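Working notes, beginning with the structure itself.
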Amino acid sequence: MAEAVLSRGYSQVDEESKPPRTYKDVEWAFAFVAHLVGVVAIAAAFLPELLARSRAGATDDADASANATADASATDPQVVAALNHALSLSLPFVGVGIAVGLAWAVVWITIVQAFAKQLIYVSLFAPPVFFGLTALSLVGSGAIMPALLVAMLGGFFLFYALWILRHPWRVQFAQLCLTTVSAVIKKYPGTYMAAFASIVPATVYHLGLFAAFTSTYSYYSTRAETITHVDEQGHVYKGKDIGFAGKALMAFLALSLYWSAQVINNVVHVTNSGVVATWYFMQHNMPASPTAGSLRRALSTSFGSICLGSLLVALVQLLRNAVENAKRNSGESPIAMVILCCVSCFVGILEWLLELFNHWAFVQVAIYGKDFKTAAKDTMQLVKSKGLDGLVNMNLTGAAVGLGATIGALLTGGVVALASYHPLLSPAAQDSGLSDSAKSVYTIAFALVIVVSVLLAIFFASMVSSTVTSGTTTLFVCFAEDPAALQASNRELHDRFEQITAEYLAEHPYDGPMPSTNGHPAGPPVAQHMYGSGGPPHAYAVPARGNVA
């Protein structure tokens, strides 16, 4: 009976037992929205005064600015002409950089799918080779101690690479994850399109936050008391104390910056994880637009959970910011510097651990629609049973796809440099009458065009890489918790995973919780969350998790 049901996959629907999709951690979604309203209110309260002061200042300084501009033009009018000319020449090549960067980001998915194993090995041995060569160059220059430190770091990466080679199944598993997820992303390009689309709300938010931040600081700084500090050497430092209210509002805006950035990134992560999970459980019954459905869940039923998890990381980031400010203001006290450096290191590690934990917990949110507390609890159980394997797999796949940013940067920078070299540098070379200052304008424009293009290429490739990383983590969690579901939806892929991991999974069975609804096993809640009230509540019988031998 079980085999018969398994063969049908997720195609059987029981209309009477489908529970409606429920909203989780709603209070934190309201808290996030309320804090955005607070940012808007702050900007509305203080921005009019800043604008009025700016208009008044512009009027008062109009003649002085005009005279200064006239003097600068009279001194070297060629510089002004060179600036305008260089700008008009540079913009098309920035467009070339954008086009090449975007094209590379899309092509990179195909490259990852075709050469996953080779990329994994390159990412394994590139760090020890790089640090080894760096250590040799430092020894040649006589810097022995830095060379030893770099050599030790390279030795660590070499040890890790050799350890991976002793367990070739890890590379095989990571390779299969990469090729599978890359194929899913190519089939559903809405995944990385969602990542690119996140730029729009991020830009709008940052513009609003900038207005709130500058207007708030301007309001309180004009009313602040001037304070003077004299250090032990007699140096005098002056500053302004904006008071408790000003500091509280600035801290709130800083928290808003961190919180909103985390929320936007995690919405994209949950969206991509939801698409891969939908594919994992329902390959033969996929919705028409899985990305849109996953995004809708991330912005509705799971949004509160995303806001809660993101807030935890944002609070740690705010603490790290406070520690860094304390370090800058600690003076020359060696004891204070040592203590603050230790605290800064601890907070930095805590931030990294929280971000890593959230990355895995939000996969649980995306797959099962859990609240954040339950997702965190189940993630801890998964970490206890397969934490090392998940971390190693994430490292192997993440490092492999991360090569795309480096290669894309070199490719885009090279293309833009070759394309812009003659148009941007020939005016300075051909016109012997140009001043040195005017000639330097073209040189600076040439360098800036390359730098901007490289940064954009890194950004685009990182967007795609983060999509793949979300997918590989989701695939790992799905297979670790529910391998039988893959057997139902894609028996061939399931057998390939089993061939690689059967021995290890037999030694390390997963003992985590197995969600159920109406007496049905793990598959139904997943299907219900993926489809909501319109999805299949049960479709197959699965054995206990971990019993996949």
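In case you wondered, yes, glycine gets a Cβ from its N, Cα and C as well.
Just so you know, TrEMBL annotations are computer predictions that nobody has curated.
Straight from TrEMBL, the features:
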| type | residues | note |
| --- | --- | --- |
| TRANSMEM | 28-47 | transmembrane segment |
| TRANSMEM | 93-112 | transmembrane segment |
| TRANSMEM | 119-138 | transmembrane segment |
| TRANSMEM | 144-165 | transmembrane segment |
| TRANSMEM | 192-213 | transmembrane segment |
| TRANSMEM | 242-259 | transmembrane segment |
| TRANSMEM | 302-323 | transmembrane segment |
| TRANSMEM | 335-354 | transmembrane segment |
| TRANSMEM | 399-421 | transmembrane segment |
| TRANSMEM | 441-464 | transmembrane segment |
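Under 8 Å from some Cβ of the transmembrane segment (144-165) lie the Cβ atoms of residues 124-125, 127-128, 130-132, 134-136, 138, 171, 392, 396, all in the same chain and six or more residues away from its ends. The stretch in closest packing with the transmembrane segment (192-213), judged by the count of Cβ pairs under 8 Å and taken from 93-112, 119-138, 302-323, 335-354, 441-464, is 441-464.
Distant neighbours of the transmembrane segment (28-47): 205, 208-209, 211-212, 215-216, 218-219, 249, 252-253, 256, 259-260, 263, 303-305, 307-308, 311, 372; these residues of the same chain sit at least 6 beyond its ends, with a Cβ under 8 Å from one of its Cβ atoms. Counting Cβ pairs under 8 Å to the transmembrane segment (93-112), the top-ranked stretch among 119-138, 302-323, 335-354, 399-421 is 399-421.
Outside the transmembrane segment (335-354) by six or more residues, the chain places 312-313, 316-317, 319-320, 323-324, 326-327 with a CB less than 8 A from a CB of the stretch. Listed as Cβ neighbours of the transmembrane segment (119-138) (distance under 8 Å, sequence separation of 6 or more from its ends, same chain) are residues 111-112, 144, 146-148, 150-151, 153-155, 157-158, 160-161, 164, 171, 174-175, 178, 396-397, 399-403.
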